[in-house]
Amino acid sequence: MAHVRHFRTLLSGFYFWEAALLLSLVATKETNSARSRSAPMSPSDFLDKLMGRTSGYDARIRPNFKGPPVNVTCNIFINSFGSIAETTMDYRVNIFLRQKWNDPRLAYSEYPDDSLDLDPSMLDSIWKPDLFFANEKGANFHEVTTDNKLLRIFKNGNVLYSIRLTLTLSCPMDLKNFPMDVQTCIMQLESFGYTMNDLIFEWQDEAPVQVAEGLTLPQFLLKEEKDLRYCTKHYNTGKFTCIEVRFHLERQMGYYLIQMYIPSLLIVILSWVSFWINMDAAPARVALGITTVLTMTTQSSGSRASLPKVSYVKAIDIWMAVCLLFVFSALLEYAAVNFVSRQHKELLRFRRKRKNKTEAFALEKFYRFSDTDDEVRESRLSFTAYGMGPCLQAKDGVVPKGPNHAVQVMPKSADEMRKVFIDRAKKIDTISRACFPLAFLIFNIFYWVIYKILRHEDIHHQQD
């Protein structure tokens with residue numbers, strides 16, 4: 001009996017300790033569950049659960065795989081816009097590129113925050129659109145002081161991806177109206193590998209393209225209106241989504257007025273000074289003419305140094321060519337004046353030479369027939385035709401009168417002839433003083449009306 005009583009005592013003690021242990025375990029479990037309800041999940045645990053290895057998320061597969069295409073909304077913020085080069089026909093721009101899409105696999109409800117800003121290193125863990133710039137010639141990422149990238153995930157699965165880029169984009173230019181031209185430079189955003197069955201780019205509805213406040217360009221005026229278009233590309237590999245923005249840039253003429261137009265205008269006016277210089281001052285007028293021609297040639301070459309070698313004629317080429325033509329014409333004008341003013345000397349020299357030949361010919365005939373009969377000589381010879389009638393008389397002392405011995409007009413003297421040609425030369429200078437400025441004024445009217453008004457309006461109509 002004592003053994004049985006002892007066994008019962010041990011058994012009751014065992015039950016007691018077992019019950020106490022169970023109660024302690026239940027209390028611990030309830031405490032842990034209460035703690036889990038009061039303390040949220042840590043960010044690390046949450047990210048591991050959302051996109052870690054155990055989450056089942058595969059960054060290689062796009063959202064809605066084998067379903068509707070992913071719509072990616074794009075937005076651009078322009079930090080700087082410049083370095084527009086005519087020779088290479090490109091421009092440089094610094095932008096924030098923002099892309100937004102929905103990935104249902106990243107939707108969450110366990111974490112209290114409405115959005116999560118993640119480290120850029122997490123970009124490798126999620127799917128991203130394969131966007132590239134179709135007209136890009138060069139691009140740079142920014143890593144100072146860290147990668148200039150932003151990744152933000154929202155509760156509903158929306159993903160915001162922003163990156164800072166510096167791009168060099170091609171911009172084919174039409175320089176026919178240079179430097180009064182308006183250029184249109186484009187930026188094309190295209191998918192490289194996903195066709196439109198998988199991915200579609202769209203512009204953001206509100207403020208799709210933003211420009212930094214106070215942004216100015218050295219030579220261009222960036223117009224506020226920007227054309228947003230779709231530029232779907234068709235290749236052998238399929239149809240790919242593409243969107244583009246067009247920037248309208250109007251060139252400012254201030255630099256070219258100061259560096260090209262005004263100097264060439266003054267050179268042309270300077271060439272007209274020779275019209276007021278005495279025609280006898282040949283060294284001064286020739287030096288002035290040659291100097292202005294050479295200066296104008298140098299100016300014309302300088303205007304083409306910063307421009308590409310195109311096959312068509314630009315507005316600045318027409319201006320420089322006409323200015324060079326006026327300067328060269330002023331030099332030719334003095335050549336004409338000098339030629340006319342020296343004509344009297346040539347005429348006197350010609351008369352003197354002709355007179356000497358005539359007298360020599362008459363004397364030669366006279367001596368040839370001096371040995372023949374006097375009657376025959378008188379009947380056959382008539383010296384009046386050679387201007388020697390007063391020197392040779394007939395037998396009766398009367399000067400024979402031939403049919404050509406009429407009343408002759410006395411030629412003008414050397415001084416009179418010189419005065420006539422000098423007056424003609426001065427008249428050329430006088431006419432040039434009025435004709436050259438008038439012709440240049442007419443050219444300016446046509447030039448500026450055509451390029452600054454008519455063609456300017458045509459460009460705006462084409463853009464609209």
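Residue positions begin at 1 at the first shown residue.
Cβ coordinates are placed from backbone N, Cα and C, and glycine is handled just like the others.
Under the heading topological domain 'Extracellular', Swiss-Prot lists 34-255 (among others), citing similarity to another entry as support.
If you look up Swiss-Prot, you'll see Cys171-Cys185 (among others) marked as disulfide bond, on the strength of similarity to another entry. Of all Cβ atoms in the shown protein chains, 23 besides its own fall within 10 Å of the Cβ of Cys185 (disulfide bond).
In the structure as shown, the Cβ atom of His248 (Zn(2+) binding site) sits within 10 Å of 19 other Cβ atoms. The annotation Zn(2+) binding site is assigned in Swiss-Prot to Glu225, Asp227, His248 on the grounds of similarity to another entry.
In this structure, Cys242 (disulfide bond) is part of a beta strand by DSSP. According to Swiss-Prot, the feature disulfide bond maps to Cys231-Cys242 (among others), an assignment based on similarity to another entry.
For Gly238 (strychnine binding site), applying a Cβ distance below 8 Å and a minimum sequence separation of six or more within one chain yields Thr195, Met196, Asn197. What Swiss-Prot records for Tyr235, Asn236, Thr237, Gly238, Lys239, Phe240 is strychnine binding site.
Per-residue pLDDT, averaged over the topological domain 'Cytoplasmic' (278-282), rounds to 87. Summarising the annotation, Swiss-Prot assigns topological domain 'Cytoplasmic' to 278-282 (among others).
Residues near Leu294 (site 'Important for obstruction of the ion pore in the closed conformation') in space but far in sequence (CB under 8 A, at least 6 apart, same chain): none are found. According to Swiss-Prot, the feature site 'Important for obstruction of the ion pore in the closed conformation' maps to Leu294.
The topological domain 'Extracellular' annotation in Swiss-Prot covers 304-314 (among others).
Among the features that Swiss-Prot reports, topological domain 'Cytoplasmic' is placed at 336-430 (among others).
The annotation topological domain 'Extracellular' is assigned in Swiss-Prot to 452-464 (among others).
Cβ environment of Thr237 (strychnine binding site): Thr195 lie under 8 Å away, each six or more residues apart in the same chain. The disulfide-bonded residues listed here are Cys171, Cys231; among them, Cys171 has the most other Cβ atoms within 10 Å of its own Cβ. Counting same-chain residues at least six beyond the ends of the topological domain 'Cytoplasmic' (278-282), those with a Cβ under 8 angstroms from any Cβ of the stretch are 334, 337-338, 341, 425-426, 429.
Looking at Tyr235 (strychnine binding site) and Cys242 (disulfide bond), their Cα atoms lie 12 Å from each other. The local packing around Tyr235 (strychnine binding site), expressed as other Cβ atoms within 10 Å of its Cβ over all shown chains, amounts to 8. The C-beta environment of Lys239 (strychnine binding site), restricted to residues of the same chain at least 6 apart in sequence and closer than 8 Å, consists of Thr195, Met196, Thr232, Lys233.
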